[in-house]
């Protein structure tokens with residue numbers, strides 16, 4: 001590079017330290033990616049076509065499944081192609097675009113998770129006012145804000161990365177343009193950027209996590225006061241799949257982007273990032289179906305109707 005202060009491209013190191021063995025990762029990662037795409041697509045289509053699922057809870061679940069598809073599309077196809085490539089390069093512009101969409105979509109998914117927690121809170125703690133408090137207009141506004149706010153807030157973040165001086169080389173020790181590896185290549189003063197990143201983490205990850213915790217604190221308190229054991233079981237069953245998504249999503253993200261010090265090795269960070277970008281999107285459709293009796297019943301009905309239609313044809 002003639003001018004490494006603003007390189008025309010970056011080299012994504014990815015899994016190159018594995019040498020020839022990295023090719024063996026292609027098959028499993030491709031299968032997980034395709035299953036994640038198919039599974040989340042099935043969830044979206046099932047919610048869209050069945051009127052029994054046209055409720056706020058499933059509206060937010062459909063948004064979350066769409067986000068899982070889009071998040072994986074920002075990083076995984078590129079990672080798969082790099083596993084088979086000898087020269088793993090991405091243009092500077094492509095890197096910034098990937099950075100923008102990955103973190104915007106990821107932040108949106110956490111806000112949608114908090115919207116889901118609010119929905120369960122209203123349904124269980126204020127059931128008589130549920131139709132008013134969680135009307136179609138309110139749900140659309142909550143989802144719209146969850147989508148728009150991160151995409152607007154990430155604009156100055158991306159512009160700050162564009163104007164950094166990258167004088168420590170152009171090799172990113174990751175399989176996508178992650179934040180920490182990019183900052184390690186810069187010789188600019190990034191202390192202000194670190195403070196801004198922390199504010200962003202507070203705004204989208206920790207704040208939504210706090211909303212979720214408070215909502216479930218009230219939910220648990222309300223459910224434990226129910227006189228019927230079957231009522232308590234039904235209420236907890238309604239929240240089981242969402243709580244599982246919350247645990248998986250927040251634990252890995254807080255480890256990567258909110259934990260103090262960020263002293264773990266690049267290989268550990270790449271492994272955890274694989275969980276958020278490959279494994280979690282693959283697991284989510286199964287979590288939604290296996291722990292949700294209503295969704296399973298609707299899905300079985302749709303499959304039976306599809307089978308009958310195919311037999312007629």
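Note: Cβ is positioned from N, Cα and C throughout, glycine not excepted.
Here's what TrEMBL has on this protein:
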type	residues	note
DOMAIN	39-288	domain 'G-protein coupled receptors family 1 profile'
TRANSMEM	23-49	transmembrane segment
TRANSMEM	58-79	transmembrane segment
TRANSMEM	99-118	transmembrane segment
TRANSMEM	130-153	transmembrane segment
TRANSMEM	198-224	transmembrane segment
TRANSMEM	236-259	transmembrane segment
TRANSMEM	271-290	transmembrane segment
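Taking residue pairs at least 6 apart in sequence, the transmembrane segment (130-153) and the transmembrane segment (236-259) share fewer than three C-beta contacts under 8 angstroms. Here the transmembrane segment (130-153) has Cβ contacts under 8 Å with residues 56, 59-60, 63, 103-105, 107-108, 111-112, 115, 118-119, 122-123, 200, 203-204 of the same chain, all six or more residues outside its ends.
For the transmembrane segment (58-79), the neighbouring stretch richest in Cβ pairs under 8 Å, chosen from 23-49, 99-118, 271-290, is 23-49.
Over the domain 'G-protein coupled receptors family 1 profile' (39-288), the average per-residue pLDDT in this prediction is 87.
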